[in-house]
């Protein structure tokens, strides 16, 4: 790198740059931080102190307990975990199997299916729910966990492309040498290709997992039953009964963010990579 | 007995590789394609059909009413207003992209703690949409976060009813959308900027190009593909704005978006025919934007 002497102008610009970046940190942190403070305040304390004041006792977990039990957040976490496990397993299987056919066989079936997926990228999921709802209803899946699970598995095109991109980089000669050794195509997929696409599996699990965890629209439409609430719809239900209890709503908000924060801190690199890979489909 | 022994002996390996290919294509693609057709194509076709009827979503009869739903949408300002609301989101999306490019430039070159900045800016795009909505209902509440900060800075006279004033509400909501998604853009842009070879930048520096010239002539062309992609994504995203305004305001005080209106008609007012017509319009616009995107990206991509 060309090292230049720092003159006055450079020092000024560098200071300005960090001033802007630090100011922005506040823009992103403060709205969340005040909610974090509120979650530890008692109702009386919340009413009497400024939002920027620290709570008197950071060990006051009463609001969290209320959010968890009375607020049905526990039900929400349970249902979200169930939905996550099944729809992630489903997406990884369907996504990697379709990608295998698209990348290895250039037959007519493969081409037609690939075309169907490509055209579908144009159709925004959100716009077709009016009619999708009728189909889910007709199949008897309304108010069952199967509705979100099937929809999350079925409407996913981005993960196919993540797998496809990865498989294109696995040399076909590897399949061929396995076939010479007497393997059939099922074995090629499950014993050779699948273990090699583990990084892509991780990417799909993370990006898709976050998307499902955060989704509000699908559980809101398809599983309104109280016993089937997910984290999103359980938190949404706080609006009515806790409208005047912002300290409890705040606790719910913080609870829902904790798993996300842990995943982010642990898997930052993979998340960034996943975004970049997922965006450059085709 | 004999037959069952034969069955056992049958295995995939006994098929020719051509037969295996067909068998695998069918078994591997059956479920994904079935789901795709059942939950993407069939609904699109049904929706198109419903849009010419007065169906309420429950009764067994649907009456064909031709283009009446479409005429109603385009002739009455009430149904048309959400298009204007989405302009707020589109303008905000452009501001968001411009800001994101600048911020990415600041953190991508010679920046200490770049990962910390990027991480904090990006984290909101991972937060649950209901949580974000509550965070900002709280933020904008009278006497809450924003008002307290304004007072602290001596700007108390600028305090407004951020979510009650129909002239401000869409600006407030669009701000939330920028807050949420800008980090995503920053991650994408900074990945693209880091893939620009450093020797090009160094050569420009040796030739005496200043930072601004480098930015215009090297950085912007270097990220142009991802820039165009994000512009188009944000247009479709703006038209489909739903979760945050729905949770924060329910579409009240003039914040009705296209999708909130559609959802309300379909699931509250039992006017599935009309809702379908609205959804078909959104679908057509999305396809148009997509086609334009393909043309623009391909013409330069070669």
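A Cβ is built for glycine as well, from the same backbone N, Cα and C atoms used for every other residue.
What TrEMBL lists as domain 'ABC transmembrane type-1' is A:77-267.
TrEMBL lists A:20-40 (among others) with the feature transmembrane segment.
Counting residues 6+ beyond its ends, the transmembrane segment (A:81-103) has Cβ neighbours under 8 Å at 109-110, 113-114, 117, 145, 148-149, 152-153, 156, 159-164, 166-168, 189, 193-194, 197, 200-201, 204-205, 208-209, 212-213, 219, 230 in the same chain. Taken from TrEMBL, the feature transmembrane segment applies to A:81-103 (among others).
Marked as transmembrane segment by TrEMBL: A:115-137 (among others).
With a threshold of 8 Å between CB atoms, the same-chain residues lying at least 6 positions outside the transmembrane segment (A:149-167) that come near it are 83, 86-87, 90-92, 94-96, 98-100, 102-104, 117, 120-121, 125, 132, 136, 141, 193, 197, 199-200, 203-204, 207-208, 212, 215, 218, 222, 274, 277-278, 280-282. Here TrEMBL flags A:149-167 (among others) as transmembrane segment.
With a threshold of 8 Å between CB atoms, the same-chain residues lying at least 6 positions outside the transmembrane segment (A:188-213) that come near it are 80, 83-84, 87-88, 91-92, 95-97, 100, 148, 152, 156, 158-159, 162-163, 165-167, 170, 174-175, 178-179, 231, 259-260, 263, 267, 270-271, 273-275, 277-278. If you look up TrEMBL, you'll see A:188-213 (among others) marked as transmembrane segment.
Per TrEMBL, the feature transmembrane segment maps to A:248-267 (among others).
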